[in-house]
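All remarks here apply to the structure that follows.
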Amino acid sequence: MSPSSRRLQTKPVITCLKTFLISYSLIFWFTGVILLAVGVWGKVSLEAYLSLVSEDSTNAPYVLIGTGATIVIFGLFGCFATCRGSPWMLKLYAMFLTFVFLAELVAGVSGFIFRHEIKAKLGSAYEKAVMSYNGTQSSSSSNAVDFIQRTLHCCGVKNYGDWNETLYFKENGIPMSCCKENAKCSPETLKDLKEAEKEVYTVGCFSRVTSAMEANLGIIAGISFGIAFFQLIGIFLACCLSRYITNNQYEMV
């Protein structure tokens, strides 16, 4: 069979691969947009929880935002490389997909393996935040405690009685953020544990914080693993198309 006949036979295959790869790249670009949205959502919704682990603002949401932005750029690059029919561009695209796949896989497995250590660290960090609570807006840990107690309707670490062991309680009583909605929390009531029991949330925050974290991180992990394994399709398509174009010296006019 002559080389020209062979090229004519493989041209429909290459065209089909290009169609699939362009469709994949557009979907891949959309997953980047999703990661961007998840990163922004994590920055807004999880900042209070994550700030307990570190006094400084956590970089985790920014990592998701940066990864999403990079995927958006390379998704467009994949469409361009496919339309150009450039083997080296397609190989570069496949290398990028492989790198992102391995990075997401390692991050996901590490998070799963060390989930108990993360939970224990969060528990000790929250207990430390309660013990050092001062009720001022300048303290990120105090703001996080107030936000969590209001949002999750809880008080203290294990229960509201934990505040009795803090310096803040001796001077001010239980924080106002522990008060139930529409409750009448006077300074005198908050300084008396028995009286405060009727007006504040009695359930501890640690169990609710970990449940909220696990629920939110489960969503993020599910999206990340889905995107990671979806990239295997792109790697296969990019490598196959690059090989067909190289072997048959096919160029799109």
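First residue shown is number 1, and so on along the chain.
Keep in mind that glycine also has a Cβ here, set from the backbone N, Cα and C atoms.
The record in TrEMBL pairs C178 in a disulfide bond with C155, which is drawn from C155, C185. C155 (disulfide bond): 28 other CB atoms within 10 A of its CB, across all protein chains. Taking Cβ-Cβ distances under 8 Å and a sequence separation of 6 or more, the neighbours of C178 (disulfide bond) in its chain are Q149, C155, G156, Y160, W163, L190, A196, V200, Y201.
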